[in-house]
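Features as listed in TrEMBL:
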- 1-18: signal peptide (SIGNAL)
- 133-154: transmembrane segment (TRANSMEM)
- 175-199: transmembrane segment (TRANSMEM)
- 215-237: transmembrane segment (TRANSMEM)
- 258-283: transmembrane segment (TRANSMEM)
- 410-432: transmembrane segment (TRANSMEM)
- 444-465: transmembrane segment (TRANSMEM)
Amino acid sequence: GITLFAVITLILDSFKIGYYIDFSNCLSPTEGIFPVTHAVHTILQVYFLWCHAKDIIQSFKTLERFGVIHSVFTNLLLWTNGVLTESKHQLNEHKERLITLGFGNITIVLDDHAPQCNCTTTTLCSIFSQGIYYLYPFNIEYHILASTMLYVLWKNIGRKVEHHQQHKTPFKFHGITVGMIFGLIVLTSTIAIVVVYLIQIGRSKIKSELALTMFYLHAIFVLALMCTAGIVALLIYRLEDRSLDNSKNPARKLDAELLVGTAAGSWLLSWGSILAIICAQAHPKYTWYNLPYSVLVIIEKYIQNLFIIESIHREQEKVNDDIKTLRIVTISRGSTLSLTASYKEIYNGRATRDSREGPCLFQGSTCGRENNGGACAKEEMSQENSSVMHSASDFSFYSRNPVTNNKRRILKNIAAFLFLCNLSLWIPPAFGCRPEYDNGLEEIVFGFEPWIIVVNLAMPFSIFYRMHSAASLFEVNCKT
């Protein structure tokens with residue numbers, strides 16, 4: 001994920017360099033030096049994180065702590081710079097949209113700091129200037145992701161951990177078809193809504209009101225589906241008796257803190273919108289859709305946070321001790337060529353050659369074995385050249401009953417659906433579809449400057465929340 005955002009950040013830096021070249025006659029040399037330096041910093045930092053993000057440093061700890069925490073705050077500073085630059089661009093468009101909705105009494109003039117000279121190539125200048133602002137959301141996400149990864153690295157310096165083998169669980173599409181289909185439908189419809197919104201908003205009063213109404217209705221429907229999915233997942237967890245893993249884990253703790261902390265940004269905006277609707281003297285029709293939208297944003301994030309935090313704290317399922325182990329046997333030409341460890345031992349990461357345990361398996365069928373040393377009945381092979389090779393994961397159904405399997409499948413589909421929904425809800429605010437700016441009701445109640453300050457402070461956290469939730473739900477899907 002961080003590599004994807006870094007690549008787009010490098011494209012942003014190349015656009016800035018091209019923009020500086022076109023306006024080099026009236027721009028400071030620092031405008032050209034900064035993107036070059038930033039590109040070098042991005043490449044080196046991503047390489048460092050690829051190679052050392054999972055390291056636990058035990059030497060030169062004071063020096064390492066200083067260097068890593070310096071990198072954390074450097075990324076936060078660059079993140080703040082990106083947020084301010086993008087917010088300035090959004091404010092210029094915001095004022096024009098409010099005028100089309102009839103809020104002409106807002107007379108604040110915003111300076112876009114355009115260069116005071118002519119561009120050498122008009123077409124390229126337009127492409128660079130417009131492209132820069134569409135790429136800023138990826139740059140913002142890159143720096144906040146880098147800062148969180150470096151923060152975990154900083155917390156791990158000098159940490160003592162038990163030596164145990166980590167089993168990486170790959171992501172599999174098998175069994176999550178329903179969740180993926182519904183999630184892709186939401187993603188596709190969201191992209192379409194954003195395109196129509198950006199085209200219609202600001203064109204005229206009628207078109208702007210229709211765009212706002214369309215956005216609110218779509219968001220209400222999606223948020224209601226997400227709330228329902230989250231409640232079903234929580235009910236499934238409540239019906240289980242699995243214990244929680246409360247061992248010390250800086251990465252997991254940071255995930256939970258980021259989910260709750262960044263959700264506060266959306267909650268602040270939602271409560272502000274609710275108060276504005278209650279206190280406003282006049283209510284255009286489209287503003288009434290803002291009320292259920294704001295309420296659902298608060299509820300949905302609360303439910304989703306509970307689901308994710310409980311999922312990442314759930315202990316991995318263990319094999320039931322009452323289930324006897326299985327022998328995995330490879331047979332060729334009627335003779336046993338290799339005998340691997342029992343299923344239970346493989347599941348627990350241990351291998352042994354003890355041949356006194358459990359039943360054996362030939363071509364998917366089992367025959368019982370008594371503890372007093374009784375022998376398994378011989379089974380004839382219909383074909384000479386045949387082999388049966390299965391991994392331990394192929395026998396996972398032996399450790400679960402059908403009800404448990406169905407629960408796991410439902411949870412995986414819910415996690416996949418919520419993953420795509422969070423990606424969908426990240427797109428509108430990241431690319432300029434922000435009804436908190438455009439409906440104008442909050443500016444009338446709270447004043448233009450106070451509300452804009454609140455939005456500029458809270459919106460970046462709301463955008464990051466969606467991306468971080470998507471990353472957490474991806475891990476939940478792999479773990480479930």
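A Cβ is built for glycine as well, from the same backbone N, Cα and C atoms used for every other residue.
From a predicted model like this one, the values you see are computed outputs, not experimental measurements.
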- Remote residues contacting the signal peptide (1-18) - C-beta distance under 8 A, at least 6 residues beyond either end: 31-32, 34-36, 38-39, 42-43, 45-46, 49-50, 124, 128, 131-132, 135-136, 138-139, 141-142, 145-146, 149, 471
- Query: Is it the case that the transmembrane segment (444-465) and the transmembrane segment (175-199) have 3 or more CB pairs under 8 Å, with pairs at least 6 apart in sequence?
  - Reply: no
- Tertiary contacts of the transmembrane segment (410-432) (same chain, 6+ residues out, Cβ under 8 Å): 90, 93, 134, 137, 175-180, 182-184, 186-187, 190-191, 193-194, 197-198, 215, 219, 222, 225-226, 229-230, 232-233, 236, 304, 307, 311, 459, 462-463, 466-467, 469-470, 473-474, 476-477, 480
